[in-house]
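Peer 1: For reference, Swiss-Prot lists these features for the protein:
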- 83, 182: heme b b562 binding site (BINDING)
- 97, 196: heme b b566 binding site (BINDING)
- 201: ubiquinone binding site (BINDING)
- 33-53: transmembrane segment (TRANSMEM)
- 77-98: transmembrane segment (TRANSMEM)
- 113-133: transmembrane segment (TRANSMEM)
- 178-198: transmembrane segment (TRANSMEM)
- 226-246: transmembrane segment (TRANSMEM)
- 288-308: transmembrane segment (TRANSMEM)
- 320-340: transmembrane segment (TRANSMEM)
- 347-367: transmembrane segment (TRANSMEM)
């Protein structure tokens, strides 16, 4: 009798995606982050669902409802901190996943890559709106500053900002709509993830060499399911340690003060995972110029397939490109650090140099290095 997992209409889809999926035999732990992102998404949806049962999206009661969750709801504190720190783990996995894609040339799969970039934008939007919901000082002022950036758009900017706010300032209407979008977006992300996987399984996975491996494939289960379970256990261990020992390590102390429109915090900054983009925004002393640098800092990923000048797909055999890639990796924590510092000397000039380096590496130096490596004498 034929196995039910190969004949049942629903089981067949799961089987072809996670059990009998032909997978390259040489993919490393860098390929674990896709499944870890899936786990993070499920965790965020589940914890978010329980938080939404007790949260009220009203400016008068939002802050106290979060306090109520932490103090009065059974295990509410652990659900709240799992959700807050789960977002940090989500972005760590996301950055690792994108970094692996850049290093091994996964962006050659155009459809998969472009859906991935859309997923990144959707996740960033969700995280930003989620940061506004506790209605602390940094929630309120972060929402005010970031949404205000749209006013830099000529002619329609001011109207656009007021339309997003639902009034003349960040208020009840803003909080309500942000809660609505924050609730619905993860489900849209889940749907886009399915499309991402669909396109990936059309072509099959890339591998560290970047060379087609159709003649050397193994089934996904049990080889990579075991590997993914190990990755998942490590992720859960790190998240649990973070939640139980230092739950506020990655948060901002200002967010424990209720939002006050009459009192501006000394230094307004978003969550740590947006600081690299925030540093690029601040490095240009002009509102429109800053916005025009901020958007391409992430949208630049769309250009990666066009920027690929190498004859080889992966950087595995390209020492010059590897050096430049790791300089880029070092540049990002520097931008993140600068984004969290006040706007004063020497942070301004360091931020400007790091921002120039970021764009120079991706747009000029890495494509040039690939061209040079193409023309190196063959031994």
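Note that Cβ sites are derived from N, Cα and C of the backbone, with glycine treated the same way.
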Peer 1: Taking contact to mean 3 or more CB pairs closer than 8 A (sequence separation of 6 or more), are the transmembrane segment (33-53) and the transmembrane segment (178-198) in contact?
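Peer 2: As far as Cβ distances go (cut-off 8 Å, pairs 6 or more apart), the transmembrane segment (33-53) and the transmembrane segment (178-198) touch.
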Peer 1: Taking pairs 6 or more apart in sequence, does the count of Cβ pairs under 8 Å between the transmembrane segment (226-246) and the transmembrane segment (77-98) hit 3 or more?
Peer 2: yes
Peer 1: From the binding-site residues 83, 182, 201, pick the residue whose C-alpha lies nearest to the C-alpha of residue 97 (heme b b566 binding site).
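Peer 2: Result: the closest of the binding-site residues to residue 97 (heme b b566 binding site) is 201.
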Peer 1: Which listed range (113-133, 178-198, 288-308, 320-340) shows the maximal number of Cβ pairs under 8 Å with respect to the transmembrane segment (77-98)?
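Peer 2: By Cβ pairs under 8 Å, 113-133 leads among 113-133, 178-198, 288-308, 320-340.
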Peer 1: Which residues, given as numbers and ranges, are at least 6 beyond the ends of the transmembrane segment (113-133) yet have a Cβ under 8 Å from it?
Peer 2: 55, 57, 62, 66, 87, 90-91, 94, 98, 101, 106-107, 139-140, 142-143, 146, 174-175, 178-179, 181-182, 185-186, 188-189, 192-193, 195-196, 199, 270-271, 273-274, 298-299, 301-302, 304-305
Peer 1: In the same chain, which residue numbers or ranges, 6 or more beyond the ends of the transmembrane segment (288-308), come under 8 angstroms Cβ to Cβ?
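Peer 2: Distant Cβ neighbours of the transmembrane segment (288-308) are 98, 102, 105, 107-108, 110, 113-114, 117, 120-121, 124, 149-150, 152-154, 276-278, 280-282, 355, 358-359, 362-363, 366-367, 370.
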Peer 1: Let me know how many other Cβ atoms fall within 10 Å of the Cβ of residue 97 (heme b b566 binding site).
Peer 2: 20
